[in-house]
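Colleague: Pasting a structure here, questions to come.
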């Protein structure tokens, strides 16, 4: 393309207004451009393809930020552009840790595609530059597939469509099902955080591959994917019973909190038990069962003192019980034993060899003011506490 004066356009400076314009190509010119680019990428010189109409125009968008070819004449820009574009793409860093050679769990296809398209938009690549950058981010054997598509005159969006057909659907289904199968609670991850992550994975399964995870399946997966120690605690507590997901998460949170407190030593390891505390308060008191016919069933583990007294040696002893007094009878219960509740209340006792004293108020027809509390089937303790009901409130005596 020459000017009106017949001057060589390669010796004229580039018009800035023309240089900034984006060149609109016709469909025929696009086909021609694709053939030229395909031959250049294949390492062949497109000598047999001529386009006199556009011989003086640059092909595609200029990469002025790195090539510095803006100051060249228009005709020279076409020659240098075909060489510098490839070099320029090689200089661009890839958006992944390493080029992608095929299906991989480390670099899923949908992640690879989104990262490449993002970098293409950032670098401002257009046309064949996009295809070159796609190949820049790939390696064998997947690279051979893309090179074959480029040689067959595929545009970049057609390349992505073909890659979607080959890799996306099949690998996405395999990858998502594999992720769900391998889902487990991580070290340091709480039970509640793992439950939230499991719910997110279930939603992702529905949106990506169309599989709906039921609440029953989520509950089973959650229970089987907990840490072994926590899973054993739940199995010991629940057994083979089914629990819904929300209830199971609540139980897991409880046992995890219990486990953390036990590990930090904030439970019984640092605090005396109620039995030990009671033993300290009972120090110095005599055991009322030691030395009797009944005897003390606790033996050396008893919290009270085991020492002989005149009462448990068989000697006479007295115990205040309202208005009545009691003396130990030969062959009968010791004087320091408790009052028989049944005899005290009814006047009769059907027990053979009753171990408790048979006592009643002096006037059996009068309601008793003695506060007696039943301890077992027969034993009764005299109690002066106002909070404990007396026999007068339990009914009249016979």
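Placed from the backbone N, Cα and C atoms, the Cβ positions cover glycine too.
Note that TrEMBL annotation is computational and uncurated.
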Colleague: Which residue range, 240-261, 262-283, 284-305, is the one TrEMBL calls region 'Disordered'?
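Modeller: My reading of TrEMBL: the region 'Disordered' range is 262-283.
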Colleague: In TrEMBL, which of 334-361, 362-389 is tagged zinc finger?
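Modeller: Going through 334-361, 362-389 one by one, TrEMBL gives zinc finger for 334-361.
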